[in-house]
Amino acid sequence: MNPAETKSWGVLSQLAETDGKRHLRELFAEEPGRFERFSFEAAGLFLDASKAQVTGPVMDALLGLAEEVGVEKRRRRMFAGEPINETEGRSVLHMALRDNRDGKYKADGADPMGDIEDVRQRMKAFCDAVLSGDRRGATGKPLTTVVNIGIGGSDLGPVMVTEALKPYWIEGRDVHFVSNVDGTHLVETLRRCDPETTLFTIASKTFTTQETMTNAHSAREWFLASGRSEADVASHFVALSTNHEATAAFGIEEENVFGFWDWVGGRYSLWSAIGLPIALTVGWEAFEDLLSGAHAMDRHFEEAPADKNLPLLFGLIGLWHRTFLDMPAVAVLPYDQSLHRLPAYLQQADMESNGKSRRLDGLPAGYETGPIVFGEPGTNGQHAFYQLIHQGTTVIPCELIAPAVSHNPLGDHHEKLLANFLAQPEALMVGVTEDEAFTQLKEQGASDEEAKRLAPHKAFPGGRPSLSVLMQKLTPETLGALIALYEHKIFVQGAVWGVNSYDQFGVELGKVLAKPILAELKNEADGDHDASTAGLIARVRSLRSGV
Ligand SMILES: O=P(O)(O)OC[C@H]1O[C@H](O)[C@H](O)[C@@H](O)[C@@H]1O
């Protein structure tokens, strides 16, 4: 189905020319209840969307669009385990991983809950054994350091969550994440590790990913080089994967493999066995709390009416900004240092999911889909790229996220952080007119001529949209809810755009082309390339020769 042919799409296109061009200042002046009207709440998260470029008619038309294209129906199909990932013939059931209701889900015609519970129990037992010291390294020392080797979805989720939950780290535990095939990543990490106390979690859904396999083999060599035998490998290496044949071929025994299933997408997998390094760092209970926070958001998404449904509204507003108002990017701005990897995590979650230009029916979309996602923690971003956000020629909607209470109260640090979290969207919305800038300059003692010259530079257009997410404290529960909010937001947008948010064929071509080039770099073959690639290969070879 082409969503652009619906009635609501036509209405929204018209509204883009009217309501889409109103200044937010005006909209606030006109409607004193705007904040109440456009703020929503669920699972410990409060979303203020009143500074988004929306009006009542826009919201109505967006909800109408969701209905016309069948977002709710697709959500039901997803939760029911139908293969909504049509290009790969797979279900999309990561929600089942944070649920425990028997009979609720069906994966390939059967209830997956038994299998899920099985792996969960094994993960819990393993975690408890490692953390209590019952399970030790080959030389009898406790395994206090985890090195996770994985990339993409087998890295970004666990890194982001372990960083976000630093206040929950169990004392004496350490965790590192190696993802890049650049040897520097592994070498610099292992420099800080003791082979006797290190546990490697080799995380790969497919267990064929070049970067991960290369790093895993090198890690094993490092381990063996420390004087250990092949038999000792079992005490220090576990695998997190769906591919049991490949884990066996690597030499990891079945009892050290924590499995998951092809209905868990890589970028939606931190709730599965891929979350083991999280549980090994913060303990099983906190990991379960993370799952239950996400589950609370799932329930809300499934059960709340459309006009109060946080992920639905968050998704629709983002889609309005992107597709109808032509805003090309989204800035994710956590005002919480612990969330410093959230923008990177969401880059994969969002851009790999909705960075598509073909609809499910194979036809070109013909409208803008997934935005460019970037971001940094506030206030660091303020001192870097906010200039462009405030005064640049491109309008970039911002998503600001903050906890009201800090885990690390220190003087008035948190009040200062929060003041910035509150002031930035205010500044983006209100702006400063040229007249106001002129008056301010005059008040500061500038001459008329000087004030006139500088006023255009000191004016802010304002009317720049933002959404603010507020929570009391960043806990495993609220973090789980926040991640699930984004997952479902991505689902909603993909459902309206009609793209398959769950495949990622766009990452394949580069991988394929790297194979023959690798052979050329190793002088095992000659290749046939365009002039630029051939020239670069020759230049790389010559720079490497004689070194
Ligand atoms: O977990 P793996 O099978 O090793 O995959 C790791 C990553 O590799 C691929 O390139 C995909 O684009 C990602 O979605 C995936 O998360």
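Placed from the backbone N, Cα and C atoms, the Cβ positions cover glycine too.
Features reported for this protein in TrEMBL:
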| type | residues | note |
| --- | --- | --- |
| ACT_SITE | Glu352 | active site, proton donor |
| ACT_SITE | His383 | active site |
| ACT_SITE | Lys511 | active site |
His383 (active site) versus Lys511 (active site) - Cα distance in angstrom: 36
Neighbourhood of Glu352 (active site, proton donor) by C-beta distance under 8 A, where only residues 6 or more apart in the same chain count: Gly152, Arg267, Gln504, Gly506, Val507
DSSP state at His383 (active site), helix/strand/coil: helix
